[in-house]
Amino acid sequence: MIKYGTAEVNELGHLQIGGVDTMDLVEQFGTPLYVYDVGLIRERARGFKTTFENLGVTAQVAYASKAFSAIGMIQLVAQEGLSLDVVSGGELYTAIKAEFPTEKIHFHGNNKSKEELLMAIQYNIGCVVVDNFYELELLQSLCVEMNHTMKILLRVTPGIEAHTHDYILTGKEDSKFGFDLNNGQAEEALTVALNSSHLHVLGLHCHIGSQIFETIGFVLAAEKLIKKLADWKNQFNFEAKVLNLGGGFGIRYTNEDTPLEPEEYVAEIIQKVQTGVEQYQLTMPEIWIEPGRSLVGDAGITLYKTGSSKTIPEVRKYLAIDGGMSDNIRPALYDAKYEAVLANRVNDPVEETVSVAGKCCESGDMLIWDLPLPKAKEEDILAVFCTGAYGYSMANNYNRIPRPPVVFVENGEAYLIIKRESYEDIVKLDLPLSVSVKQ
Ligand SMILES: Cc1ncc(COP(=O)(O)O)c(C=O)c1O
Ligand SMILES: N[C@@H](CCCC[NH3+])C(=O)O
């Protein structure tokens with residue numbers, strides 16, 4: 001079994017996380033169950049922060065809460081002294097409920113509504129990452145109305161294609177996000193922003209994609225942005241205080257993935273920025289980054305109970321679990337790959353290859369194809385690794401399946417941070433038919 005954080009096999013042959021036997025978790029909280037290794041999240045957060053500190057660079061490490069947002073999670077982020085990236089009114093509301101320091105919140109999104117921008121103003125958040133001309137005008141007029149000055153970053157698309165799944169490319173030119181860095185749009189946006197009475201431009205933002213394993217994309221992006229800042233110093237006498245290079249640092253889901261340590265990405269980015277700053281004689285900006293997946297991804301494990309199976313001779317054996325695309329849509333959406341073990345008998349020898357099927361009424365609801373496992377019986381516990389990012393946050397109620405709870409484990413203790421949804425929760429927004437149809 002691959003070693004993630006505090007995950008280990010105990011003397012009973014059970015998977016244990018944060019010093020807690022997963023069989024005890026199953027008994028106490030049921031399945032499916034999302035489990036987070038809090039120690040590993042802390043380690044990752046500190047890794048990013050200390051890299052900046054050790055290199056003497058002023059920085060903000062903002063957790064991209066789209067990866068997993070919940071009040072308990074945001075409170076953990078606050079404990080670790082990170083900033084926070086939110087991308088909707090709902091994520092902002094969660095942060096407010098968690099009493100997260102609002103001056104450390106950055107608000108993203110390519111179509112923020114008037115209500116969302118008003119919320120940002122009302123809570124006096126640290127910065128809005130402006131994505132387009134519509135938002136630039138809307139935010140300026142709302143700030144005038146509310147007599148508020150908002151700090152902003154301009155999100156630009158530097159035209160870089162990161163090597164990752166096509167659906168999660170965001171930094172390339174043909175993207176719905178941001179101002180184009182190469183065709184004059186970014187200059188136009190800067191001009192509008194600099195002439196706005198109630199917007200204060202801190203600098204530039206870009207995000208080149210997600211689940212990236214190489215530093216080259218980040219380095220190229222940093223190079224392009226610094227060059228642009230050098231041009232803007234001459235052209236507009238504008239000096240950026242902040243350079244935000246987004247998130248996207250890759251993690252290991254399977255053997256096919258070869259990520260660097262988070263610190264390595266950061267060190268290379270900083271080096272590139274420092275070189276550019278010296279070359280163009282700029283003031284060193286603060287460096288902001290927005291890791292999501294790399295902070296929580298491998299800290300999450302999902303526990304499922306095995307149920308029915310179907311063998312098609314000479315073809316394959318399907319083994320069904322009590323969850324699926326409703327709690328992890330990534331295999332169906334991105335063809336994402338995962339590894340898994342039987343958590344109740346990790347050391348048992350591998351006896352067969354099974355394909356793990358979800359329980360949704362959808363042939364594409366397959367969690368893992370061709371997984372080597374001991375012969376699974378009914379009610380074995382399957383632990384799927386690395387489900388901490390974009391698992392719960394993309395969970396849904398397809399087939400009206402309630403969303404599983406989330407438990408945090410640390411130092412031998414386990415506690416719920418999100419309760420299991422009930423059938424009552426599922427119908428709570430439904431209203432009865434009020435008009436009788438005459439036949
Ligand atoms: C603007 C922005 N910042 C940060 C992130 C976080 O990315 P990741 O979870 O890959 O670190 C994303 C998602 O890709 C994003 O769109
Ligand atoms: N949700 C995606 C990543 C999208 C990142 C958001 N910009 C995933 O599961 O990998």
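Glycine too: its Cβ is placed from the backbone N, Cα and C atoms.
What TrEMBL records for 34-388 is domain 'Orn/DAP/Arg decarboxylase 2 C-terminal'. The feature domain 'Orn/DAP/Arg decarboxylase 2 N-terminal' is assigned by TrEMBL to 40-296. Positions annotated as N6-(pyridoxal phosphate)lysine by TrEMBL: LYS66. Under the heading pyridoxal 5'-phosphate binding site, TrEMBL lists GLY248, GLU290, PRO291, GLY292, ARG293, TYR390. Residues or ranges marked as substrate binding site in TrEMBL: ARG293, ARG330, TYR334, GLU362, TYR390. Annotation comment: TrEMBL describes CYS361 as active site, proton donor.
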Problem - Neighbourhood of ligand 1 - recorded positions from ARG330, CYS361, GLU362, TYR390 with Cβ under 6 Å - result: none
Completion exercise
Spatial hits near ARG293 (pyridoxal 5'-phosphate binding site) (Cα distance within 10 Å) out of the recorded positions ARG330, TYR334, CYS361, GLU362 come to none
Fill in the blank from the handout: Expressed in Å to no decimal places, the gap between the Cα atoms of GLY248 (pyridoxal 5'-phosphate binding site) and ARG330 (substrate binding site) is 16
Problem - Candidates near ligand 2 among the binding-site residues GLY248, GLU290, GLY292, ARG330, GLU362, TYR390, judged by a Cβ under 6 angstroms - result: ARG330, TYR390
Fill in the blank from the handout: Per the 10 Å Cα distance test against GLY292 (pyridoxal 5'-phosphate binding site), the recorded positions LYS66, ARG330, TYR334, CYS361, GLU362 reduce to LYS66
Exercise for the section: For each of the binding-site residues (TYR334, TYR390), count the other CB atoms lying within 10 A of its CB, then report the residue with the highest count. Expected result: TYR390
Problem - Protein Cβ atoms within 10 Å of GLU290 (pyridoxal 5'-phosphate binding site), excluding its own - result: 27
Handout entry: Cα-Cα distance linking GLU362 (substrate binding site) and GLU290 (pyridoxal 5'-phosphate binding site), given in Å to the nearest integer
Key = 34
